[in-house]
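Copied from Swiss-Prot, the annotated features are:
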type: SIGNAL; residues: 1-24; note: signal peptide
type: DOMAIN; residues: 62-160; note: domain 'WSC 1'
type: CARBOHYD; residues: Asn90; note: N-linked glycosylation site
type: REGION; residues: 166-190; note: region 'Disordered'
type: COMPBIAS; residues: 169-189; note: compositional bias 'Low complexity'
type: DOMAIN; residues: 195-289; note: domain 'WSC 2'
type: CARBOHYD; residues: Asn290; note: N-linked glycosylation site
type: DOMAIN; residues: 307-404; note: domain 'WSC 3'
type: CARBOHYD; residues: Asn333; note: N-linked glycosylation site
type: CARBOHYD; residues: Asn387; note: N-linked glycosylation site
type: CARBOHYD; residues: Asn455; note: N-linked glycosylation site
type: CARBOHYD; residues: Asn552; note: N-linked glycosylation site
type: CARBOHYD; residues: Asn758; note: N-linked glycosylation site
type: CARBOHYD; residues: Asn833; note: N-linked glycosylation site
Amino acid sequence: MAGILSVVHIIIIFIVRFKSSTDSLITVVVSASFQRANIYKFSLLAKLAHGAALIPRADADTWTYLGCYTDQVGARTLGQVGYTLGGPGNMTVANCQNGCASQGYSLAGVEYSSECWCDNQLRNGGGPAPDGEAMCSMPCNGNPEQKCGGPGRLNLYQNTAIKPTDTMTTSAPSTETGSPTTTSVPEPTQGLPDGWQYSGCYQDNVNGGRVMFKMLPDSSTLTIESCVAMCVKLGYTVAGAEYSKQCFCDNYLRNAAPQAIESECSMTCSGNTQQKCGGPSRLSVYSKGNLTVLPIPVPQTGGLPGGWKYQGCLQDNVNMKRTFPYQIVDKTNNTATNCLSRCSKFGFGAGGMTYSEECFCGDFEDIAAAGAKLVPEAMCSQTCSGNATAICGAGNLITYYRWMDEPLQKWNRPTGINAGRYDFLIGGVLVPLITTVGINGKITFQEKSGTGDPNTTGAYEFDPYYEKDFSKAWREMHVKTDIFCAGGLVLPDKVGRQLTVGGWSGISTEGVRLYWPDGSPGKPGVNDWHESPDDLRLQNGRWYPTAMTMSNGSILVVGGEEGSNGAPVPTLEILPRVGPVLFMDWLKRTDPNNLYPYLTPLPGGNILAAYYNEARILDERTFDTVKTLPNIPGAVNNDAGGRTYPLEGTMVLLPQKAPYTEPLGVLICGGSTPYGGDALDNCVSIQPEVPNAEWVIERMPSKRVLTCMAGLPDGTFLILNGARKGVAGFGLAEDPNLGAVLYDPSKPVNQRMSIMANTTIARMYHSEAILMADGRVLVSGSDPQDPRFPQERRVEVFLPPYILSGARRPTFTIANKDWAYGGKYKIKITSGNQSRIKISLMGMVSSTHGNSFGSRTIFPAFSCSFGTCTITAPPDSHTCPPGWFMLFVLDGPTPSVASFVRIGGDPGRLGDWPATGGFPLPGV
């Protein structure tokens, strides 16, 4: 077409760096190639210099939407690439329309979230999609509220101000380039790394996507050497140069990339005109060693873990709502196997992958709740970051799988009396922080000062004998220092004194307080809490410490902080004092998420410490680490989830049964994720002394933080209180969890939980749950300092099904309540069916912040004859540390009222301690 200007290519790039609200730096790069020289002059530059618009903007009223149209690589419906403001990452409908208008085209089409195509006519048989708008569903990169086509689909617009060409053609449009074209093969390169070679010219943008994974920024100085060097630096073994200035990296070619004729890789490199750097949708490919071309990716349907089955391509983000709630991002190794294994490990039976690198887990019921539907499979088109031959969804689309085998968990849903019941017990006189059952059958309540009621004494004793008579039920007691965030225990001395250590601030953090229980049910005592800070205190001040009775009868005090949100106290010490404190690096490293660490003596002779999301076994003499356990699992989408304060869950010991050959197990339920995220929805258990032991995960029916747990005399555990979101602290949790769960370790794993009755009272931060001597669970407290949830003085009881059944309780008498290890002791059964008798020993518990200090469940050996049962005490102090226990006799599931027995004596001679400060001493 002689005499007519033929502009091969014009590219305008805008880079704006704002220097102030009124001043900016604008860089304009204009690149042009001509078939005839000296014909075209750039009046545009003059316009730019005078502040004209950088890109001509189309009038929005002149564009008409035509619909969703078909497209295919190699036979494009629109033949020209549209160059847009901000490039593919900022693609919007308007940007594409403006780009096409600025190039003089009347048709504009957006595709695959990031592509803009222009022309004045439809080509290669392209037309309205046979499935309508279904596959034009991908959001625009620059505006997710708009649709930018899909795989092989264009959202097509026409500028009515420009008359399009009516002629259709099946031939490809002429290739327009930004550099002169030739048909020669690439110039041999020098200086490539050893083993690298030219592998040929290959097609890009085929079969629904790019054929190489990593796209580097465009370069105006690109050479083959520089492209290969950048890929080598990033760890890749394949490099591809495209369109003169683009460099791609990968370890193979994807999407069954077909080889093109060499003449199609004809654009010279922007940094070396003697080299060829691909062409439009053509790659000059270099590889280290042989080149691998992967097949077209498909959803993985074989080799799936467990009972997973492929279901199809599922919508996500319908009406801005995620289909599945838990997201895991894996930029390098997302596969169906990895994703689904994670989901089912944590008890989720629906899930899948999206956007190449994202894994989602949830339940089948989530799909309907989100309004998500299955769509044509081809719409899920992105390859997995960990498997380039498999599909992992697309934008807002999930490659969806469902667990089709036996259910991952079976939650029992009892009704009526079998679900238990909450009952109001009595109005309180304080908001308790610590509750402890005494061997006198009464329960001590202690509250913090400062934020507590101004007219209380900080401590009271509750006598259940008078639970119907408020005036007699509460006995006033007194403490001198603030027990806020202290730890508590029942000591193994012969009178079962109660101990609290640590506190809120100053001298309180060093506090050591003792109470000698006296009186009996219906008979008031006279003793009070005793402390003498000048004579007896901890070596280190501690806020949130743990106290534990060791196998030798001494008291181990571990961890804490210097005061409220203070520096860590990464030490441990022993009471009575036998030496200086010992530094523990693991306490310092995991602060502040390790407060109130979980501790227990182990039958093998050492000590288990579990804290934050870690656990280890300590030598009971040196406290050196002898074994590090696997990290404690957190949330399905967050390994940083933790179990100890402030990510507060609860640990208990699973029941021990004579002859005590089964390794001891521990159970931890609830917790949270850092920074006030979702609470954890699982329990985990482990037998720490078993070689190569792993944590077993059991999903709970609901999320729970600020968890409380109470062991019951039948060997089950009641899980209650807390919230579904947040962490421990004032005002840091929300969405109260009002339901109770019963955990029965005698049942198979993942079938142990029953959904029990609900309460109407939110039990949030600073709530407690503790087993009473009559088998009920006393539920108290809630002190979140949050206007959404009141300070809670009301005291409830949870009545397990064995209380509500109406069955008559067994009764017994006992003479000897001070047992030696391995000794045999007789009780007289005065009522009950001897053939159904079971006997349990429940450790005396002090409950605070979800902790159940002293919790232990033992089913000892026994034999019965003619109404007399002989019980064999546990064999040693590692199986059963010295201490006080509630002895229950059960007739089937129905427990007696407990008697209090001591096992193992007082080997640490705590009865003679402290010999200072005027403390009353019971002796040994």
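The backbone N, Cα and C atoms fix where each Cβ goes, and this holds for glycine too.
Projection of Swiss-Prot feature records onto the structure.
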{"residue": "Asn90", "record": "N-linked glycosylation site", "Cβ within 10 Å": "14"}
{"residue": "Asn290", "record": "N-linked glycosylation site", "Cβ within 10 Å": "7"}
{"residue": "Asn333", "record": "N-linked glycosylation site", "Cβ within 10 Å": "13"}
{"residue": "Asn387", "record": "N-linked glycosylation site", "Cβ within 10 Å": "19"}
{"residue": "Asn455", "record": "N-linked glycosylation site", "Cβ within 10 Å": "7"}
{"residue": "Asn552", "record": "N-linked glycosylation site", "Cβ within 10 Å": "15"}
{"residue": "Asn758", "record": "N-linked glycosylation site", "Cβ within 10 Å": "14"}
{"residue": "Asn833", "record": "N-linked glycosylation site", "Cβ within 10 Å": "12"}
So among Asn387, Asn455, Asn758, all listed as glycosylation sites, which is physically nearest to Asn833 (N-linked glycosylation site)? Use the C-alpha atoms.
Asn758
Checking the glycosylation sites Asn290, Asn333, Asn387, Asn758, which are within 10 Å of Asn455 (N-linked glycosylation site) at the Cα level?
none
Restricting attention to the domain 'WSC 1' (62-160), give the mean pLDDT.
89
Per DSSP, what is the residue tally for the domain 'WSC 3' (307-404) in helix, strand and coil?
19 helix, 41 strand, 38 coil
Could you state the whole-number distance in Å separating the C-alpha atoms of Asn90 (N-linked glycosylation site) and Asn333 (N-linked glycosylation site)?
27
Taking just the CA atoms, what is the gap between Asn333 (N-linked glycosylation site) and Asn387 (N-linked glycosylation site) in Å?
7
Given the glycosylation sites Asn290, Asn387, Asn758, which one's Cα is the least distant from that of Asn552 (N-linked glycosylation site)?
Asn758
Whole-number Å value for how far Asn387 (N-linked glycosylation site) lies from Asn290 (N-linked glycosylation site) (Cα to Cα):
19
Reduce the DSSP letter at Asn758 (N-linked glycosylation site) to three states and note it down.
strand
Tell me the residue counts in helix, strand and coil for the domain 'WSC 1' (62-160), as DSSP assigns them.
14 helix, 37 strand, 48 coil
Please list the DSSP helix, strand and coil residue counts for the domain 'WSC 2' (195-289).
13 helix, 40 strand, 42 coil
Could you give the Cα-Cα distance between Asn758 (N-linked glycosylation site) and Asn387 (N-linked glycosylation site), in whole Å?
47
